[in-house]
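Residues or ranges marked as repeat 'LRR 1' by Swiss-Prot: 49-70. Marked as repeat 'LRR 2' by Swiss-Prot: 71-92. The repeat 'LRR 3' annotation in Swiss-Prot covers 94-115. Per Swiss-Prot, the feature repeat 'LRR 4' maps to 116-137. Sequence annotations record features per position, and here Swiss-Prot assigns domain 'LRRCT' to 150-192.
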Amino acid sequence: MAKATTIKEALVKWEEKTGEKANDATAVKLYGQIPPIEKMDASLSNLVNCERLSLSTNCIEKIANLNGLKNLKILSLGRNNIKNLNGLEAVGDTLEELWISYNLIEKLKGIHVMKKLKVLYMSNNLVKEWGEFLKLADLPSLVDLVFVGNPLEEKYSADGNWIEEATKRLPKLKKLDGNPVIKQEEETEGES
């Protein structure tokens, strides 16, 4: 099997392709590397001006080495093999969007550090319990959540009450699974 691509190699390729210097760039796309990236190594710390980083469609297992990315607002890690959210604390003060769908995340420990997170796309992961889902209530800015394809969502959607149950637990959401959240208090008063 081919050796994994390192972040350093991927950045060299990206610089050649775009003609930009990685340490000056505000948006860096390292998605779908062949062979795939397996580790978020220390080379990431050179991306001091990066606001949008895409590492999706690789084989990354752990979030790491984000400490130099003082301006990071959008992090895309979809379609990897990430099992937990450890490592995000380095960007907890700046990150506004985390795209982490199609991974292996079961527990949301560590999400509470994301004080500015507005958008969380984490469909098709392995979250099974309300106890984990409730950790999202620690995110004061979260307004847009995609959670479809997690065992918890699938179970409650099958019963027809996912949206109601999820929005009851996260009342500040404006969008859930791509749909605007409609508050239902007014509608239920006239029903018997």
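From the backbone N, Cα and C atoms, a Cβ is placed for every residue, glycine too.
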Secondary structure split (DSSP) over the repeat 'LRR 2' (71-92) reads 4 helix, 3 strand, 15 coil
Restricting to the same chain and to residues at least six past its boundaries, which positions have a Cβ under 8 Å from a Cβ of the repeat 'LRR 3' (94-115)? 56, 69-88, 121-128, 132-133, 135-136, 138-141, 146, 149
I'd like the per-state residue tally for the repeat 'LRR 3' (94-115) from DSSP, helix first, then strand, then coil. 3 helix, 3 strand, 16 coil
DSSP residue counts for the repeat 'LRR 1' (49-70), split into helix, strand and coil: 0 helix, 3 strand, 19 coil
